[in-house]
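Presented below is the structure to which this report refers.
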Amino acid sequence: MSEGLYTAVMGIRDFLKEYFNGFWDYETPKMMVIKNRPLGVIYRAVQFLVITYFIWYVFISQKAYQQSETHPESSVYTLIKGKAEHGDDVLDNVEYAHPPEGVDVISATLRREFTYDQRQGTCPEHFSVDNANCTTDSDCLQGLPNFDSHGIRTGRCIQYHNHPFKTCEIKAWCPIEEYAVVREPPLVQAINFTVFIRNSIHFPKFKVLRVNVESPPGMKTKKYLKRCHYHEETAPYCPNFRLGYIANKARENFTELCRTGGVIGVFINWDCNLDLDPSHCKPTYTFRRLDLRKDLADSGYYYRFAKYYDKNGVESRTLIKAYGIRLDIIVHGQAGKFSVIPTIISTVTALTSVGICSIICDWIMLTFIDKNEVYSERKFDEVTKEPTDTIRTEFSFISSYGSNHSDLSDGVPL
């Protein structure tokens, strides 16, 4: 065995032996009084910060003394109400509100585009579709699938209606939407439509049920709901919201929403302190645009549906593309009530965390102040056996295991 390898093996053996022997040592804290004003100021300042953190943030702000519930049971019912004149017609909520059953997602139609009298047949593809323009039939492969296409290609290249160029012929509902669409003006009166949002929330752990509907004293709920509109201060329990109010709170332009449509989230937050009477548990509402912004090509909210009918014995349909505001009702809730167990846990954690102050100050003392290693010599003692002679210290006489408390106020250069 080479000398270098032998030295390495012996070094590893000594290390393992020293580690094994040290593993069975017992360590106990040693109390020292160090009269150093800067170190004392740091120590009290850190103590103050730790205690302030636990009192103000943990106990007051986060209410760590409470047992909490963050997954309540919730139910939402919605309804859009209002009438509007649109040309010669009067529209009600049956025509512009979808779906009619009132779930946590509801939309109001603000603008429509119609393609009348579509029938199954063949017609030229729109020129904006990729590879739709052609000069001969060989440019149009029969049955070639295309994500943007309105139908299935027949393999023919035909004239695009009365225009001088040609496009590939397709089998589809004809005429296609881009060619024959008729656009209606937006339903601007929808800004005054009312959205009724009823939310019930249940905290089963505390057996508390709350509803966001409550009439003022002396007034019947049904009568109150017919004329009230939500206001944060004057009517916090009125669940009627104007569409214009919702768009304004979401920082959106209602006229632009009529043109492109959009998805707005209605966030209902219940933050209940059940140490107080349950009547203090009130909902708060926030509104935010959820879909892509209007400066992107695919932004907004719209959907298509069709009305089918028989015309001269031929099945026909009217294709409708509807733009509107979709409201997603999203409910968050949490409740808390005083409990002994979390209070004890938080208190013990706070008291334990105060020990951080000593660790920080010890590190400062031994790293930046103890230049002559005076503190480290007094702080760390190694006792291998019980002493037989009495040891005299600055504070007292100790006849066992070394000094337990020492004062380093004199004779130590700082």
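Using the three backbone atoms N, Cα and C, a Cβ is placed for every residue, glycine included.
Among CYS123, CYS134, the cysteine that TrEMBL records as disulfide-bonded to CYS157 is CYS134. Here CYS174 is paired by TrEMBL through a disulfide bond, and of CYS123, CYS228, CYS238 its partner is CYS123. With a cut-off of 8 Å between CB atoms and residues at least 6 apart in sequence, the same chain places GLU169, ILE170, ALA172, CYS174, PRO175, ILE176 near CYS123 (disulfide bond), listed in sequence order.
Applying an 8 A CB threshold to same-chain residues 6+ apart, the list for CYS281 (disulfide bond) reads VAL208, ARG210, TRP270, CYS272, ASN273, LEU274, ALA335. If you draw a 10 Å sphere around the CB of THR194 (ATP binding site), it holds 18 other CB atoms from the protein chains shown.
When Cβ atoms from all protein chains are considered, those within 10 Å of CYS140 (disulfide bond) total 24, not counting its own. When Cβ atoms from all protein chains are considered, those within 10 Å of LYS321 (ATP binding site) total 16, not counting its own. Of CYS134, CYS168, CYS228, LYS321, all annotated as recorded positions, the residue with the shortest Cα distance to ASN192 (N-linked glycosylation site) is CYS228.
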